[in-house]
Amino acid sequence: MTKIAILSLSLLTIMSGAAVAPAIADIVAAFPDSPAILGKLVLSTPALAIIPVSLITGFLSNKISRKTLIYTGLILYTFGGAGGGFADSITVLLAMRFILGAGVGILMPISMGIIADIYSGDEKIQTMGFAGAANNLGGVTATILSGFLAAYHWRASFGVYLLGIIVLILVALYIPDNKPKSKDSGSDKIKIKNSAGYLMWGIAIFLLMVVFYTIPINISLYISQKGLGGSEISGIAISVMNGTAFITGLVFGKINKLLKRWLPIVLLTVFSISFYLLASYPMLPVVTIALMAGGFSMGAFVPFIMNGVTSLKNETNSAAGTSVVSSFLYAGQFASPLITDRAALLTTGNGISNIFLLVSISMAGLAVILIIHFASGLFFNIRRTA
């Protein structure tokens, strides 16, 4: 039950901001006097709080017990999440989303840090995959429920965050507490050695979230504008993507062993195809296939990156590295609509389909760069051994 309790924390984290994505079109319509971009920020505002709080959590984890931090995070998560349904203005709604983000900022590094502390080797890689699967299982459950609740009223969709109460009970019963670890004399050297690695993985997950978050941010408006359905269809569509990511996370260990260093190239290629289909073929069957492809890439990319991060872990505190990279992750979520909307306007053109087209081209370009990099390395290795 300890592993189940640990993984239950992952139900609440990465997709927390996107849980009410099916209701975005209704939320934008409910506040007609507010700019449409503020409606999109309902999904990405939590990241604005997550970034600093996640960094602070890495520091506090050396001074405060694990359970105290988790309890605090879950209380903020549940209050800020469910409280959004009572907002009477877009400003109040964004404030509640900020509180939600503070809760996630505590939970994210702790949930990944526990895995790195307890497990190692193949079991750690497998458990990272399970954590990614749990992320997406939470996304599937939340978006389906949110979509149907939004059909009743957009305010009801925020009730999905009451899941935090169930997780709080599991944590209280099954996760052991720990004493804050003291800093040893070599820890500063470890931090300096690992900082470049944290930065590399941080940039990688930032770019991943800028790209991926264009789907939950825009898919509800996309489906509505293309006449493909309402909030219920949006919820099911996002859940198809999250469901595919969930299955991918369960088998991530095997996928990682099979593809090895070629894994990121495969994932970038699949991402590119996914966004091209969304940009070019606004038909529900094609959209479903595209979202499944995007879910596959996302379901493998997050545990791939998090495994790389925790392989560089600080010997005294696994939450240190994950807190830094978590900040980059949520910075990417927050920046996604700001970067992609503007970049598409300057290149492919205005509109959601053009945003998806720009992302497709960018992912294809990155895949080609990696192929050239790997091929050139292989060529020079052959020459040296000849």
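Yeah, the Cβs are placed from backbone N, Cα and C, and that goes for glycine too.
Here the structure is a predicted model, which means the values were calculated and not measured.
Quick look at what TrEMBL annotates:
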type     : residues : note
SIGNAL   : 1-21     : signal peptide
DOMAIN   : 2-377    : domain 'Major facilitator superfamily (MFS) profile'
TRANSMEM : 41-61    : transmembrane segment
TRANSMEM : 68-87    : transmembrane segment
TRANSMEM : 93-116   : transmembrane segment
TRANSMEM : 128-152  : transmembrane segment
TRANSMEM : 158-175  : transmembrane segment
TRANSMEM : 196-215  : transmembrane segment
TRANSMEM : 235-255  : transmembrane segment
TRANSMEM : 262-279  : transmembrane segment
TRANSMEM : 285-306  : transmembrane segment
TRANSMEM : 318-335  : transmembrane segment
TRANSMEM : 355-380  : transmembrane segment
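Residues 15, 18, 21-22, 122, 125-126, 128-137, 139-140, 143-148, 150, 215-216, 219, 223, 263, 287-288, 291-296, 298-300, 302-304 of the same chain lie 6+ residues outside the transmembrane segment (235-255) yet bring a C-beta within less than 8 angstroms of a C-beta in it.
Using the rule of three or more Cβ pairs under 8 Å, pairs at least 6 apart in sequence, the transmembrane segment (355-380) is not in contact with the transmembrane segment (93-116).
The transmembrane segment (318-335) shares the most Cβ pairs under 8 Å with 41-61, out of the stretches 41-61, 68-87, 128-152, 196-215, 285-306. Looking at 41-61, 128-152, 158-175, 262-279, 285-306, the range that has the most CB pairs within less than 8 A of the transmembrane segment (93-116) turns out to be 41-61.
Segment contact holds for the transmembrane segment (68-87) and the transmembrane segment (158-175), given three or more CB pairs below 8 angstroms at sequence separation of 6 or more. Across the domain 'Major facilitator superfamily (MFS) profile' (2-377), the model assigns an average pLDDT of 83.
Listed as Cβ neighbours of the transmembrane segment (196-215) (distance under 8 Å, sequence separation of 6 or more from its ends, same chain) are residues 18, 43-44, 238, 241, 271, 275, 278, 291, 294, 298, 301-302, 305, 308-309, 312, 321, 324-325, 327-333, 335-337, 339-340, 355-356, 359, 362-363.
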